[in-house]
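Everything below concerns the one structure shown next.
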């Protein structure tokens, strides 16, 4: 059995920044540091930060007064920001800047009283945060659609004053079809020059397609609640390549690889490389050879840290 590695894979700039914000806050201020929602959707990362003093909560009413709270990479609604400010909580915002970009778009449509459609998965924290940027008091409304069927049944007030945005971690292929359906049903709809799916999501989806084309089975390292990791598994399966989403080497079954010659490995944007290395080691113990990395798109994007953490870390 030969191992092939997708390129790029694993951490993106937004995830790197979010994890580093929690790490720096722990270093500068000491534990406990409260984090609203899992800072990124990865079990290994969350447990590591928890072991060092991060406390993960789902709502601010679980946060005591006079502590530091960090908003996760997925972003939060304006109502959550207002609640935190009203309580005087010290907040560090780990929202991915590419998610913030979508928030700004939604807020602009809201101010203009323009109806907005969000393409995304119901219940995902990024979707909840993005929906929560819209203030309907200006006369508009925001709607959530997941697929073409939702578009077909959607009723809006003013189809001539309509715009769309997208969740950043969707399948590019699925999203393209939904956008086409929106444009067909609402010809006057506006939106970003291109969809809001982030560069890292696009790159990892392109890479897993190449991987699935060259391999007999694909392993996606990522947690079950990771949207982008699930999309990677789905893409491989759509190419008729068996694919498995695993948190790490302990989730693998040796029987998956009977008769397999080429094993492909990728990782979601919130999965650290140490987990990939663990998977490789286990496969090699089962007789796999090599770990050849495919050619791929280079990523050199970085996002800046909050000023207070950036300055204090240098003192």
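A Cβ is built for glycine as well, from the same backbone N, Cα and C atoms used for every other residue.
Taken from Swiss-Prot, the feature [4Fe-4S] cluster binding site covers 12, 96, 198. Every protein chain shown contributes to the tally, and the Cβ of residue 96 ([4Fe-4S] cluster binding site) ends up with 26 other Cβ atoms within 10 Å. In the three-state DSSP assignment, the secondary structure recorded for residue 96 ([4Fe-4S] cluster binding site) is coil.
For 41, 74, 124, 226, 227, 228, 270, the entry in Swiss-Prot reads dimethylallyl diphosphate binding site, with the evidence type sequence analysis. Sequence-distant neighbours of residue 41 (dimethylallyl diphosphate binding site) (same chain, 6+ apart, CB under 8 A from its CB) are 222, 223, 225, 226, 227, 229, 270. Secondary structure from DSSP puts residue 41 (dimethylallyl diphosphate binding site) in coil.
Around residue 227 (dimethylallyl diphosphate binding site), a 10 Å sphere centred on its CB holds 24 further CB atoms from the protein chains shown. According to Swiss-Prot, the isopentenyl diphosphate binding site annotation covers 41, 74, 124, 226, 227, 228, 270, on the basis of sequence analysis.
Sequence-distant neighbours of residue 124 (dimethylallyl diphosphate binding site): residues of the same chain at least 6 apart with a C-beta under 8 Å from its C-beta are 74, 167, 227. Under the heading (2E)-4-hydroxy-3-methylbut-2-enyl diphosphate binding site, Swiss-Prot lists 41, 74, 124, 168, 226, 227, 228, 270, citing sequence analysis as support.
The local packing around residue 126 (active site, proton donor), expressed as other Cβ atoms within 10 Å of its Cβ over all shown chains, amounts to 25. Per Swiss-Prot, active site, proton donor is recorded for 126, and the stated evidence type is sequence analysis.
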Problem set entry | In sequence order, the recorded positions (12, 96, 126) whose C-alpha falls within 10 A of residue 228 (dimethylallyl diphosphate binding site) | none
Exercise. What is the Cβ neighbour count of residue 228 (dimethylallyl diphosphate binding site) at a 10 Å cut-off, with all protein chains included?
Worked result: 26
For this session: Within the same chain, and leaving aside 41, 74, 124, 226, 227, 228, 270, name every residue whose CB is within 8 angstroms of the centroid of the CB atoms belonging to the recorded dimethylallyl diphosphate site, in sequence order.
Result: 40, 126, 169, 225, 229, 268, 269
Exercise. For the [4Fe-4S] cluster site given as 12, 96, 198, which other residues of the same chain have their Cβ within 8 Å of the site's Cβ centre?
Worked result: 13, 14, 15, 73, 97, 98, 99, 168, 169, 199, 200, 201, 269
Seminar exercise, completed: Quick note, residue 198 ([4Fe-4S] cluster binding site): same-chain residues at least 6 apart with CB under 8 Å of its CB -> 12, 14, 96, 98, 168, 169
